[in-house]
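What Swiss-Prot records for this protein:
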type    : residues               : note
BINDING : C147, C150, C200, C203 : Zn(2+) 1 binding site
BINDING : C164, C167, C186, C189 : Zn(2+) 2 binding site
DOMAIN  : 5-70                   : domain 'J'
REPEAT  : 147-154                : repeat 'CXXCXGXG motif'
REPEAT  : 164-171                : repeat 'CXXCXGXG motif'
REPEAT  : 186-193                : repeat 'CXXCXGXG motif'
REPEAT  : 200-207                : repeat 'CXXCXGXG motif'
ZN_FING : 134-212                : zinc finger
Amino acid sequence: MSKRCYYEVLEVSREAQEGEIKRAYRKKAMEFHPDRNPGNAEAEEKFKEAAEAYDVLRDPEKRSRYDRFGHQGMNGMNGGFGGFQSSEDIFGAFGDIFGDIFGFGGGGRGANRMQAGSDLRYNLTVSFRDAAKGTEVELNIPVTDTCDTCEGSGSAPGTSPETCSHCGGRGAVEQNQGFFRISVPCPACNGRGKVITDPCSECRGAGYVRKQKDLNVRIPAGVDNGSRLRLRGEGEAGMNGGPHGDLYVVITVEPDKVFKRQGQDLVLSTEITFVQAALGYKLEVPTLDEPIEMDIPKGTQSGEVFQLRGLGLPYLGSSHKGDLLVEVKVKTPTGLNSRQEELLREFEALDEEKPMKKVKKLFKKAKDKVMGE
């Protein structure tokens, strides 16, 4: 039976990069691994086929030769599956792959490797003014952290874990699985390679405890809904001496009664009388600090927007600020008394006379010109 194209086996293109080839092999190895397909001869063959393809395509020299000459070009090279004498050879060669997938490499080499702790998320709601000016808050976070009593060893103070006698400290034992002899986590020590004979009374041998952690967090000025603050090392504790994960504080900003937000600009809507709009006015405008006076020019129309530069929200990590946008709405008077109505009608009549006077002047000029001729 003729061999399939290695690119076809891993389902990648001939232009695939190293990372893409590795991901494709991980997928195939996970799908056809003997542990997941006990007694399945077809899966076993596909597992070997994928290992052979990956061994060639991951190596630039072998891949170049294969691209030029195909399978015939691999004869005489220690490449392809012919270079592996047993499943241990496969797990040994690709231990990083199997360690990522199953938590340990061939022969248990990855059983006790360090693992980073999980990241945590904390949702924090702040007021509009605190988001604008910045603030400091105290958080109380539930976390899984290293036990202070045993310092993470899991053993009672003054004692230490002992090497597992079942696996000799390897964290894994070998089992026959069809064609392969594979490594699986040691059932006696759960893959740790060590056993705790005198467990810590505080964590009961786990090495970790659930507790509340108090943190003071500085919220920078200018944060918005959805802003994320990353606190390195404040997440869950790592395994086997691995680093802590991170804590992500996700911000929600409460709405404000006075201002609305457009990016880093503040928007304020205010009303003035039609007299103030017509004659001009000095308007007191609230800001994030002290109120200021703004000139409303004569003839201002309802809906006009005035821009006050630098009175908005600060940009994160910058001294620059957005603007304050003041939208003016002219209020139409209601509930007028008779005298007010009379004055308004007089005003309207005076306003209507102006164009008629202009027309009469034009006719007079035209008449004088004709008579003069």
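Placed from the backbone N, Cα and C atoms, the Cβ positions cover glycine too.
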For the repeat 'CXXCXGXG motif' (200-207), could you work out the same-chain residues 6 or more beyond its ends whose Cβ comes under 8 Å from its Cβ atoms? 146-150, 152-157
Near Zn(2+) 1: residues not in C147, C150, C200, C203 with Cβ within 8 Å of the site Cβ centroid are D148, T149, E151, G152, S153, G154, S155, P199, S201, E202, R204, G205, A206, G207, Y208, V209
Could you round the CA separation between C200 (Zn(2+) 1 binding site) and C189 (Zn(2+) 2 binding site) to a whole angstrom and send it over? 17
Here the Cα-Cα span from C147 (Zn(2+) 1 binding site) to C189 (Zn(2+) 2 binding site), rounded to a whole number of angstrom, reaches 20
Cβ-centroid neighbours of Zn(2+) 2 site C164, C167, C186, C189, 8 Å, sequence order: S165, H166, G168, G169, R170, G171, A172, V173, P187, A188, N190, G191, R192, G193, K194, V195
Checked against DSSP, the composition of the domain 'J' (5-70) is 48 helix, 0 strand, 18 coil
Which residue counts does DSSP yield for the repeat 'CXXCXGXG motif' (147-154) in the helix, strand and coil classes, in that order? 0 helix, 0 strand, 8 coil
